[in-house]
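Trainee: Please find one structure pasted underneath; my questions will follow.
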Amino acid sequence: MYSPNAVASPLALPRPLTNRNSSASNAMLLLLPQVLPPPTICSHCLRRLTTYTRRPFSSTLHPLRSLDAVSLHVPSLLPRSRPKWHSQYFFSNGYLRADAGDSGKHTHTRDGSTTPMREPALLPHRRRQRQQKLCEGVLSPHTTTAGANQSTAVTAMQLPPDASSLLSTTSSQQTSSWKRALYSYLALTKPRLTALIVLSAMAPYALFPVDPLLSDVPTLSALTLTFLTVGTALSSSSANAFNMYLEPTYDRQMSRTRNRPLVRGLLTPRQALVFAAATGLLGVGSLYLGVNPAVAALGGINIVLYAGVYTPLKRISVVNTWVGAIVGGIPPLMGWAAAAGNVQGVDSTWSSTLSHSGGWLLAGLLFAWQFPHFNSLSWGIRDEYRRVGYQMMVWKYPALNARVALRYSLLLFPICFGLWATGVTDVGFLVDSSAVNGWLVREAWAFYSKGGEGGNAKRLFWASVWHLPVVMGLAMVHKEGLWRGVWESIVGGAEEEEHE
């Protein structure tokens, strides 16, 4: 037991009496997160100390100092402050440490030693992503779990490289010189964008209403369609090549474009300029000779708008987005004018080929579609746009960026209604397109109301990717008079057989 003098003053350090009757069963170890061995104290003294340090709820604003005077770390008669508990003591569990954001690399054990902290196990899909990155060489085998998770999160926000970058990589791996040149020049054309432009010109060509009673040519010419396809592809390739020729300095600073052929030195600027000029002349010439002058003029205007107006305007004003949308809306007008000139023959003029409102509605469809598509696409690389200096809505006016995407998504409803009202499609297209447009508007509303976080921008982007081919396909399926002609051909043939 303690001496009476030691108990009388709560500030005095109790000293245990060396009584031979004290046994080890009446002693306990107070485990502390310190390297020094914990002191031994009997249970009776511990209860008395607990009585001194207990306080009611009403005294929470006035903490007692009795425990401060009792040093549980190093025996001393001097008053000491409250013992500081090491933060690692409470987060010795690796999972708790990861949740708490602790950056320690060890845990404390009961005897004061330290052991390495085991990192929390990855979820199954994270393990697959990590294994794939290890195979691709993106991650090092020594990368920690936290580093892998952070890399995965950053990669999920970034967009994959475009087709030009992938073709540049393929070109650098070729051993043959002509194959390297082929892939490099093909990368200048931006193949995916060019394919989209060609398809957006072919669909209106097929949608043009042809009445055999009012036209000398009951069906549209396949030769005209061939010239339209080749000329549009060459014109698009020329515009894209001019774009890369003017922007290698800025392409080098962005993750999606830093692998393009001019940035990597696979082609010289002079070679790119010659290729752009040659494809532009061949494209406009093919449209002029094989289609009609109106379509050739539209193709030339598109090259000038994209390379001469849109490309430099990206560093000046956010109006560049609207100019780019006009560039995307011209190819449908080219396809419509090509079909109109084919039907009208030598009597076709500028005004006659572009007089029908159906062509302008299809051009408006592509114009409006590009805002939810591009505004959601640019959200993932908004920081890169800011760093490079491109004046884009996504980082200058984020609220406007989301609002414009929603506004033009809603505009798709009256455009599809106009295609039915002008006789381009039947009433079935009005029903089917409304369902597809409603899906796009729902994703655009989530992008507008909640922002791009949480995958909203990604969902809107993929909704727009699927929206355009589905709507164009539905328009061709519901072309006015298509199923009536099929039905009359079947029924009419049966009636003729019965009459004979």
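Yeah, the Cβs are placed from backbone N, Cα and C, and that goes for glycine too.
Residues or ranges marked as compositional bias 'Basic and acidic residues' by TrEMBL: 100-111. Here TrEMBL flags 100-119 as region 'Disordered'. Sequence annotations record features per position, and here TrEMBL assigns transmembrane segment to 193-210, 222-246, 267-288, 294-311, 318-339, 359-379, 400-421.
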Trainee: So, taking each listed stretch (193-210, 222-246, 267-288, 294-311, 359-379) in turn and counting its Cβ pairs to the transmembrane segment (400-421) that are under 8 angstroms, which one gives the highest count?
Mentor: 359-379
Trainee: If we call contact 3 or more Cβ pairs under 8 Å (sequence gap 6 or more), are the transmembrane segment (193-210) and the transmembrane segment (359-379) touching?
Mentor: yes
Trainee: Is the transmembrane segment (267-288) packed against any residues at least 6 beyond its ends, judged by a Cβ distance under 8 Å, and which are they?
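Mentor: Sequence-distant neighbours of the transmembrane segment (267-288): 184-185, 188-189, 227-228, 230-239, 241-242, 244-245, 248, 261, 295-296, 299-300, 303, 307, 334.
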Trainee: Who are the chain neighbours of the transmembrane segment (294-311) in space, where the CB to CB distance is under 8 Å and they lie at least 6 residues beyond its ends?
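Mentor: Distant contacts of the transmembrane segment (294-311): 228, 231-232, 235-236, 238-240, 242-243, 246-247, 276, 280, 283-285, 287-288, 320, 323-324, 326-327, 330-331, 333-334, 337-338, 341, 348-350, 353-354.
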